[in-house]
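Some notes on the structure that comes next.
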């Protein structure tokens, strides 16, 4: 800040004007007595050069150049305020149309996994090396006791878990004129190819879904497998009554199954579920081959779950304790004593897998089968899965059941990312009311209520234009963009608008009429420019963060700040100039 040692004359106080302006010599500006470098850096620089004031010349020289530019800009805007306003609204409005092509990204991997990071590299490697068949989606069913710290390894708790899992395994949805159940869409480890057509069809219908559950330690795990097959002269074959060893013995009388029997032996299928204890030995379907059927004794739950469970193949399907139990407590001898949670996981095919699996099926040739329809089927089934699981347990139960699916997470992300028109409109309406009330005066000549309304509307338009340009540039929106950025930009833009409007009211009557907008920009524009440029640099620097969601938000915020800056320095002064003519 330069300190003045005298009051200057009128000559040269206001710097050079565009050639088209002529004016008489104005009286002294009172602001020059108090803050010369703020309102007129060129005058302060001259005083320093004459030895009448002290200060730093370099910053004042830069400020003087910038103030001269702002003064000239303001004078031109005032003389062509109608044209500037029309062109500005036209350009901003045209860019706002870009919001029609806005894309909202809700994929967790695309939002929060750093591009080129170890996680993304490993995911890409898995898909490239192991193929699409290695990709599946997990639908989880988690059970906890309502009493905190209670042991869940009880017969009652496991039977509750079975009821919830059984209800989930029976979920069906009807889409495109077809019924889709778990057995059609679940992930299967790979159906073997058998030369005998009859046996191959039977195996295809019976081959179990991949269900990781603590129920597999018991015969009740067979109830979750919904496949069934029919052979002449035999009852319906289901996993609840299927003994692979006995079945192979009976079928061997009619055809050679040595290769298939060898495969079952290598997989250690054995008697499947038929020789596992029943959770409820009194169940009429519990097979006589179950170890506790004859005595009808309750099984040792903790003992059976010790070390995890096995699916129908003891060699390839081992579910570790960590997958099926939570909050485990063990003794010093590593014996399982108690647990606080049970978990079952239903694995479904990916959309591409489901499409490939049914693309040659004659039953769906009439529905124009594609991946989009496969995705719709999976999402519909997952939503119903969550709904059915929550309804499977009565409210007075001692257990709590929680269901989670991939679609549930995506639905939550979509709901968070959707723009709430009511919330955004409410925020901007409150700001409109605040601007109108604070800038309204009883004296119509000094009132700026309409200017405040117009300023807030211009801020809203600049936000829409900035986000529209982001859409055209291909920057996808996320929850931060839709929930935070509109209000952040409103605060930044309205702050500068209030500053400019307040400065305009302080413009002295000694300033010639045609120079008042220019003088306002000269006094306030530098501060507005510095704050806006600092904000832009901060957001652009934040875009160096490797997280995609944060990078997109930072770039969008920086672009919106650029549009706010353009609105404050170009379009809003035109509004002030029109209001000046009114006054």
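Yeah, the Cβs are placed from backbone N, Cα and C, and that goes for glycine too.
Just so you know, TrEMBL annotations never went through curation; they're auto-generated.
According to TrEMBL, the domain 'SSD' annotation covers 420-578.
For 1-31, the entry in TrEMBL reads region 'Disordered'.
The transmembrane segment annotation in TrEMBL covers 421-440 (among others).
The transmembrane segment annotation in TrEMBL covers 452-477 (among others). Within the chain, the transmembrane segment (452-477) has long-range Cβ neighbours (under 8 A, six or more residues past its boundaries) at 89, 91-93, 95-105, 417, 428, 431-432, 435-436, 438-440, 485-486, 489-490, 493-494, 497-498, 501, 552, 555-556, 559-564, 566-567, 571-572, 575.
According to TrEMBL, the feature transmembrane segment maps to 483-504 (among others).
What TrEMBL records for 525-547 (among others) is transmembrane segment. Long-range contacts of the transmembrane segment (525-547) within the same chain: residues 63, 66-67, 70, 73-74, 111-112, 114-117, 492, 496, 499-500, 554-555, 557-558, 561-562, 564-565, 568-569, each at least 6 residues beyond the stretch ends and with a Cβ under 8 Å from a Cβ of the stretch.
Per TrEMBL, transmembrane segment is recorded for 553-578 (among others).
Restricting the average to the domain 'SSD' (420-578) gives a pLDDT of 86.
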